[in-house]
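*Asks:* Have a look at the structure that comes next, please.
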Amino acid sequence: MNLLVTSSLGVLLHLVVLCQADDHSELLVNTKSGKVMGTRVPVLSSHISAFLGIPFAEPPVGNMRFRRPEPKKPWSGVWNASTYPNNCQQYVDEQFPGFSGSEMWNPNREMSEDCLYLNIWVPSPRPKSTTVMVWIYGGGFYSGSSTLDVYNGKYLAYTEEVVLVSLSYRVGAFGFLALHGSQEAPGNVGLLDQRMALQWVHDNIQFFGGDPKTVTIFGESAGGASVGMHILSPGSRDLFRRAILQSGSPNCPWASVSVAEGRRRAVELGRNLNCNLNSDEELIHCLREKKPQELIDVEWNVLPFDSIFRFSFVPVIDGEFFPTSLESMLNSGNFKKTQILLGVNKDEGSFFLLYGAPGFSKDSESKISREDFMSGVKLSVPHANDLGLDAVTLQYTDWMDDNNGIKNRDGLDDIVGDHNVICPLMHFVNKYTKFGNGTYLYFFNHRASNLVWPEWMGVIHGYEIEFVFGLPLVKELNYTAEEEALSRRIMHYWATFAKTGNPNEPHSQESKWPLFTTKEQKFIDLNTEPMKVHQRLRVQMCVFWNQFLPKLLNATACDGELSSSGTSSSKGIIFYVLFSILYLIF
């Protein structure tokens, strides 16, 4: 009997040792940069391998501030990839201290300029050559972190058996200060950080069980715009296969500026910090001498006007990363032609109104007076002259009930969302689909049951992300069973699209997500209800933003009387009416 027990214990001990050896071999990966040791993390009823904080570039510190990234030099020994890395230096939202709704987007690790790292989640056992999905965070190009709880890749990687990567990139002036012509601060280095991370993934992901030929990049807001920018940029096109854009596209009005405007903002930053402005060299030297927080504290001062949904340091159309203007590239088909999946949320504007428009509060219904509505319109369309503002007001006012505070509130939500997210994305998708080979469009209109923001904010910008990353699968977070099912469905759509270029299962009996075509323009709702197919998302408003208003502003750009402050003249009103009639006719 004792011999049997001893023998059984020996076998058990041998199995434990073998399991530990298997765990160790799964967690130790030899990349082209060097060896990395990951960690085993629990996920639902199982576990997954995580490799956190792998460097892909040299730290952009000291004289490397504002410069293009340089590849990480190979290291000896084993890199400890068991904890999240630093977050990049950035503006921290302190509007609502202690409020989880806003603080969930703030950095959750120490901030540092040494921040160019990526994180990888790998199914266990390690796959042979599986699909790879690379996440690019949003944050208006002034904020964002790969380490946020809402971006935890373990649920999506585990549930859909994909390798999930999240990368980091410099934001604010650190990533997008642009003095065109200077090698010391060329601009767009945040986008080049992203590209360098994609290059690292391309060169190394096979060692983690991923297939470098089936990489899908996906992102939200500025991350979605970034994804679109890599579709456009010739230097990025070979580093991924497919793309998903959530609530952002490269042509959004806040997502880029001219090189001249980029330079003006860089000089204005220096002026705010008492730098010598005699030359680029002196300006850059001065800005490099400043502490990071000094730059962050004054970055909002460089904007040319008071506005909502505009950010200080963003990509510039430089002739290099972007060979020509975005519109000319879209018109000519000068972009990567592949399958894309993209969409928007129902209430894209509400979050931004809370941070700048008069009359809005998270602690009330935010019923908006007519006076506050008019002020909000001016902040929402800061580039428009008075006639343009009148056109926006006319388009979004219920003139049978123009003093209704709820309608005024919801009208501003629609103005900000249509102008900054929905209609730019619709313009992009229509242009892209003429040349691409498979497009799928969604409209996310489910408000989470546990959302802490007030009801009036609706289905908020950014709040589809938790469904994409599988948070409703976590029982402790108090989502409903229907929301868990929605999250599983969205994850499966995203992953199936990444694997095949089509979000639909080939032999499924469920309703099919139809292709978007320029003729029919079909899209689906994403919510807890059975699938519904619609056509021509926000078409009336998007014709206004994408066609009518630009022509109106162009036609009146040189007319001082029509652009003067105060109420438009009778001449302006007559001009507007005639222009509208002619536009509708022709």
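A Cβ is built for glycine as well, from the same backbone N, Cα and C atoms used for every other residue.
It should be emphasised that the depicted structure is a prediction, and the values quoted were computed from it without experimental measurement.
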*Asks:* Pick from S366, S564, S568: which one does Swiss-Prot list as GPI-anchor amidated serine?
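*Replies:* Looking at Swiss-Prot, the GPI-anchor amidated serine feature maps to S564.
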*Asks:* Choosing among C286, C423, which residue does Swiss-Prot name as bonded to C542 by a disulfide?
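*Replies:* In Swiss-Prot, C542 forms its recorded disulfide with C423.
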*Asks:* Looking at the recorded positions N80, C88, H461, C542, which ones sit with their CA no more than 10 Å from the CA of S221 (active site, acyl-ester intermediate)?
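*Replies:* Qualifying among N80, C88, H461, C542: H461.
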*Asks:* Write out the long-range same-chain contacts of N437 (N-linked glycosylation site), meaning residues 6 or more apart in sequence whose Cβ is under 8 Å from its Cβ.
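*Replies:* Once residues fewer than 6 apart are set aside, N437 (N-linked glycosylation site) is near K337, T338, Q339.
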*Asks:* For N478 (N-linked glycosylation site), which of the recorded positions N80, C88, H461, N554 has the nearest Cα in space?
*Replies:* H461
*Asks:* Considering the recorded positions S221, N478, which residue's Cβ sits among the greatest number of other Cβ atoms within 10 Å?
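*Replies:* Checking each of S221, N478, the winner is S221.
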*Asks:* Count the Cβ atoms, other than its own, that fall within 10 Å of the Cβ of H461 (active site, charge relay system), considering every protein chain shown.
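*Replies:* I get 28 for this one.
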